[in-house]
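*Asks:* Following this message is one structure expressed as structure tokens.
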Amino acid sequence: MDRIRAFLVAVAIVTLCGVPQVRSTASDHRYKAGDEVPLYANKVGPYHNPSETYRYFDFPFCSSAPVKEKKEALGEVLNGDRLVSAPYKLEFLTEKEAEIACKRKLTRDEVVKFRKAVSKDYYFQMYYDDLPIWGFLGKVEKEGKTDPADYKYYLFKHLVFEIHHNKDRVIEVTVRSDPNALVDLTEDEPVDVDFMYTVKWKETNTPFEKRMDKYSLSSSLPHHLEIHWFSIINSCVTVLLLTGFLATILMRVLKNDFIKYAHDEESADDQEESGWKYIHGDVFRYPKHKSLFAAALGSGTQLFTLTSFIFILALVGVFYPYNRGALFTALVVIYALTSGIAGYTAASFYCQLEGTNWVRNLLLTGSLFCGPLFVTFCFLNTVAIAYKATAALPFGTIVVIFLIWALVTSPLLVLGGIAGKNSKAEFQAPCRTTKYPREIPPLPWYRKTIPQMAMAGFLPFSAIYIELYYIFASVWGHRIYTIYSILFIVFIILLIVTAFITVALTYFQLAAEDHEWWWRSFLCGGSTGLFIYAYCLYYYNARSDMSGFMQTSFFFGYMACICYGFFLLLGAIGFRASLLFVRHIYRSIKCE
């Protein structure tokens with residue numbers, strides 16, 4: 001199995017290092033004066049609703065030439081990109097002044113459509129030589145007016161492109177709207193619009209290799225870096241305090257336990273038994289619903305592997321800003337290639353727990369995460385189709401994803417399951433399990449599962465919540481996140497804190513003679529995912545301006561899937577840490 005895993009790792013690295021970094025040939029082009037540089041219009045949408053975007057020509061813009069669609073990769077389609085040829089011609093080093101791109105007479109319905117877009121702060125996005133540019137469709141004049149009925153709505157009809165070049169390369173491009181070239185959309189009357197544009201060229205010394213740096217600098221400003229480092233220091237303090245707690249309190253208690261139990265063995269046998277030693281005959285009793293438990297462990301292990309690969313690719317620079325669709329491509333490909341790890345882990349552990357129906361266990365493993373994700377996708381894609389948004393995946397893309405699942409994910413899952421079943425590994429239990437389970441004594445309310453999950457999830461969440469804002473602002477906003485090294489450190493801290501707090505709670509559970517720790521350790525480890533979802537509620541209401549049914553359903557739907565994935569991932573980490581701890585302490589005493 002090690003060879004199979006090594007092969008999958010190698011294939012993932014080779015595949016991904018090639019796939020996401022594929023860029024348009026335009027970005028590697030050298031141009032001569034007068035050469036046409038590709039300009040693509042991508043999408044338009046309300047500024048505060050990042051998921052609600054529409055095709056550029058869904059709005060009544062015009063073009064003097066036939067509109068051509070750009071062929072896009074899988075990740076670009078998943079990202080909602082729908083690139084088409086823009087109505088403006090920006091030849092290399094050719095300056096233009098107030099040139100008319102096209103003329104259009106807007107009908108009453110088209111005026112209403114543009115006015116609604118302007119009132120909701122709609123923006124447009126284009127790509128010029130693979131460099132992103134943005135602008136707003138228009139503006140609302142509210143000055144001196146208290147009644148919304150008196151507001152004036154204007155459409156920008158004149159765009160000014162400023163392009164910087166270094167000899168024969170395009171380095172930077174910005175666009176602004178001419179504030180004096182406006183079309184009044186206030187009245188529901190037809191109006192004539194001359195869409196115009198101006199092009200200005202300037203020379204710069206910035207090398208071509210550094211032209212994307214300006215997009216990375218926004219998240220590396222001193223003010224933001226201070227907050228990021230404060231987040232890490234806060235997290236490190238949490239880890240140190242927790243580590244100190246375990247090192248001093250827990251280990252001292254364990255040492256006293258070892259001395260006590262050694263003394264008990266030499267004393268009379270008629271004394272009352274109590275403590276974690278005396279449930280040694282039950283502590284390794286297999287959990288209820290062991291097929292589901294093994295499937296959850298397998299899925300969590302796969303998601304941990306997926307996250308690790310994503311961090312590796314991020315740290316080596318694959319996910320540079322506006323490498324369109326790279327992250328989505330990586331997620332799809334790596335998830336498909338790592339499904340064998342889920343199958344192997346689940347089947348191997350299920351067989352160690354003396355399970356017999358490994359085929360059903362394998363089906364459960366394959367559907368445990370993909371099932372809820374598929375149901376959520378079907379609902380949200382239906383919503384996107386109803387809104388005619390670019391988030392709705394074309395039929396061809398759905399077929400491609402299905403083929404990846406059918407031809408890569410499922411076969412690797414089965415192969416991993418077969419390898420796990422044939423591994424013949426036995427569960428390593430230092431103590432023999434008794435025939436009948438020991439009765440669990442009555443426990444106070446704070447030792448029940450829900451309060452323990454709340455305690456277990458709060459500390460890891462407190463170590464990452466500052467960084468969560470920047471991640472949310474990047475995923476569900478327009479902020480750019482590029483400090484992957486800091487994010488990786490925070491992720492490592494999250495894993496350490498999760499493992500430590502789960503081990504501590506497992507010890508206290510065993511000390512109270514509650515031997516049903518298997519599911520408890522998994523649920524406590526994964527409870528941070530529930531805290532992250534609770535943060536989603538706070539972020540949506542207090543930190544964002546998102547609105548509307550589509551954006552709300554996309555935000556809470558996909559965040560539910562992400563938090564569920566974190567629940568499985570961290571649950572697997574919590575259980576593995578607890579299993580190592582329990583095996584260690586029961587090896588250290590004489591159980592027979």
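Each Cβ is built from the backbone N, Cα and C atoms, and glycine gets one as well.
Below, the features straight out of TrEMBL:
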type: SIGNAL; residues: 1-24; note: signal peptide
type: TRANSMEM; residues: 227-250; note: transmembrane segment
type: TRANSMEM; residues: 292-320; note: transmembrane segment
type: TRANSMEM; residues: 326-350; note: transmembrane segment
type: TRANSMEM; residues: 362-387; note: transmembrane segment
type: TRANSMEM; residues: 393-415; note: transmembrane segment
type: TRANSMEM; residues: 453-472; note: transmembrane segment
type: TRANSMEM; residues: 484-505; note: transmembrane segment
type: TRANSMEM; residues: 517-540; note: transmembrane segment
type: TRANSMEM; residues: 555-582; note: transmembrane segment
*Asks:* With a Cβ cut-off under 8 Å, give me the same-chain residues at least six positions beyond the ends of the transmembrane segment (453-472) that come close to it.
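*Replies:* Distant contacts of the transmembrane segment (453-472): 219, 224, 227-228, 230-231, 234-235, 238-239, 242, 479, 481, 486-487, 490, 493-494, 497-498, 501-502, 505, 523-525, 527-532, 535-536, 539, 543-544, 570, 574.
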*Asks:* Taking pairs 6 or more apart in sequence, does the count of Cβ pairs under 8 Å between the transmembrane segment (517-540) and the transmembrane segment (292-320) hit 3 or more?
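*Replies:* Yes, the transmembrane segment (517-540) contacts the transmembrane segment (292-320).
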*Asks:* Please identify the stretch among 292-320, 326-350, 362-387, 393-415 with the greatest number of Cβ pairs below 8 Å relative to the transmembrane segment (484-505).
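*Replies:* The stretch with the most contacts is 292-320.
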*Asks:* For the transmembrane segment (362-387), find every same-chain residue at least 6 residues outside the stretch whose CB is under 8 Å from a CB in it, and list them.
*Replies:* 52, 291-292, 294-296, 298-299, 302-303, 339, 342-343, 346-347, 393, 405, 409-410, 413-414, 417, 549-550, 553-554, 557-558, 560-561, 564-565, 568
*Asks:* Output the single range from 326-350, 393-415, 555-582 maximising the number of Cβ pairs under 8 Å to the transmembrane segment (292-320).
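*Replies:* Per the Cβ under 8 Å count, 326-350.
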*Asks:* Given a Cβ distance threshold of under 8 angstroms, which distant residues of the chain, six or more beyond its ends, lie next to the transmembrane segment (326-350)?
*Replies:* 1, 4-5, 8, 11-12, 15-16, 19-21, 73-75, 78-79, 290-291, 294-295, 297-299, 301-302, 305-306, 309-310, 313, 318-319, 358, 361-362, 364-366, 401, 404-405, 408-410, 412-421, 423, 425
